[in-house]
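As structure tokens, the structure follows; a few thoughts come after it.
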Amino acid sequence: MSHDNKPTDSNPAASNFLRSIIDQDLAAGTYAGRQDKQGEPLPTVITRFPPEPNGYLHIGHAKSICLNFGLARDYGGRCHLRFDDTNPVKEDTEYVESIIDAVHWLGFSWDSEGKDGQKQPHLYYASDYFDQLYAFAETLIERGAAYVDSQSAEQIAASRGNFSEPGKPSPFRDRSVEENLQLFRDMRAGKYADGEHVLRAKIDMAAPNIVMRDPVLYRIRHAHHHRTGDKWCIYPMYDFTHCISDALENITHSLCTLEFENNRPLYDWVLEHLRDSGVFRDPLPHQYEFARLNLTYAITSKRKLKQLVDEQRVDGWDDPRMPTLVGVRRRGYTPESIQLFCDRVGVAKADSWIDMSTLEGSVRDDLDGRAARGVAVLDPLKLIIDNYPEGQSEECSAPVHPKKPELGKRVFPLSRELWIEREDFNETPPKGYFRLFPGNKVRLKYGYVIECTGVDKDADGNVIAVHASYLPDTKSGTPGADSVKVKGVIHWVSAAHAYEAEVRLYDRLFNDPNPDAGGKNFLDALNPDSKQVITAYLEPGLREAQPEDRFQFERHGYFVADRSDSTPGKPVFNRIVGLKDSWGK
């Protein structure tokens, strides 16, 4: 099983530009001396992770989770988990539950300790603020900063202009405050159909930043909400909800990926108008952008991932080939390895592509120190030791972990008939081949030195069994074991005692490092050999593996007992990653 220990080269406090910003704010006392509604002092650093519950989180979200929760931890602050649940058509409690589970699995908590020593949860939903958001929208209308537009979505898009042409003002832009208020209230009352009206901010239709050309703040959507039911038929847009939620929760540093950089002026515009109306007061939260995580040989588009699931090109959202967090967890990745990966990737201001080998290297480095060892024969060939007594067996032993003697030894039997890897025998070996061939001696790892004496073949000339004799005084760990020198060492399991297991060999899901770049059809890049299911023979103790126990199968790589399909006494194993980097091949 796995043995917990943090990866030694993890550096959660690595310097980045966001830490520099926070350090400057702390030095200037920007957020010092604040209090919550109960008069309790607020931390000087409060971040948040605000996913929309419309899908499963993927490896790209892990970077944001580690960043937001990690900064809050390192600066003695807190991080909120907030669900941006403003689009009832796409959201579901299934996704809410999966996100909560994923953040917990990564090792983070949104609880803080109250003055009475009790944990204070900081789990929020944008829908918690629907009443306040509506009231704040009316405030903007009363200030002449928002209006109800009766154009269609197509007309609004057509009149927005482009980078070289200014937008055209809506013919409804100059409605009176009274008319706008009445229309907005009628929208809430359900008097209009979807798309009949929207509420827009009144900013500048000639703004160089197209985001600022009277963006939509509210739209009509007659849809059942997973938390508020049918109470609302109008819903706020992300840009309106996001900044207000931050302010209501006393967020200090609102961290977003780079695609939201052009939205930052709107973030500030909404909060400044509400501050000037007396709703909020300084210091307001501030938005900062960082580069998103782009991983080679993967896609993270929710729409495209859903297509893979819907078309049954993968075995669900938790398929071990998927980049979803439920997928990489089932693959056998550890939370610590993902945190290590995020630390190694770092935080930058410009988008870049991260090679898959960086992720797999982090997994490999983490598991090397924690995974118990075991022996597995994946492509079996029978080996018969002719001079070993029939019906007899003896114990061999090996360390549970070669660098952790305190974990003790594992014991497994050796008998007359063994399984070895087919690639460890070659009847006509090439130069430099030191494993088993007729007349050659090798060591059975943890066992005896043997000499190959012959082979059995089927009618087609295929080798179906190898014969050998063993040298009795050469057993590993006994006096004189090294009296016979050999160059080759092979692994094995006793045929009579081995655990016959289903093993799934996973590889990259795509053959193309950028499967959906440049207008490609990402489906064309699917790797037809990304999953192979085999029957393997394992040392008998592995039969007791529990779901999510991780092992290094010696000479093969790292494997995990599948968390979904394993049953007591019958674990199914997934290959997590090989022993060496395979991405440069």
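Backbone N, Cα and C define each Cβ position, glycine as well.
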ATP binding, same site as GLU52, PRO53, ASN54, HIS58, ILE59, GLY60, HIS61, ALA62, LYS63, SER64, ARG292, LEU293 - Swiss-Prot member from THR86, THR93, THR252, THR257: THR257
Under Swiss-Prot, which of the candidate ranges 74-78, 299-303, 329-333, 429-433 is annotated motif ''KMSKS' region'? 299-303
Of 51-61, 117-127, 194-204, 557-567, the range Swiss-Prot labels motif ''HIGH' region': 51-61
Widest Cα span across the ATP binders GLU52, PRO53, ASN54, HIS58, ILE59, GLY60, HIS61, ALA62, LYS63, SER64, THR257, ARG292, LEU293, in Å? 20
Near the motif ''HIGH' region' (51-61) in space but 6 or more residues beyond its ends, with Cβ under 8 Å, are 83-87, 90-93, 95-96, 98-99, 102, 226, 292-295, 298, 300, 302, 305-306, 317, 322-326, 328, 338, 359
Just checking the binding-site residues GLU52, HIS61, LYS63, THR257, LEU293: which sit within 10 A of ASP84 (L-glutamine binding site), CA to CA? GLU52
Counting every protein chain shown, other Cβ atoms within 10 Å of the Cβ of LEU293 (ATP binding site) number 24
Specify the secondary structure state of HIS61 (ATP binding site) as given by DSSP, simplified to three classes. helix
Checked against DSSP, the composition of the motif ''KMSKS' region' (299-303) is 2 helix, 0 strand, 3 coil
Per DSSP, ASN54 (ATP binding site) is which: helix, strand or coil? coil
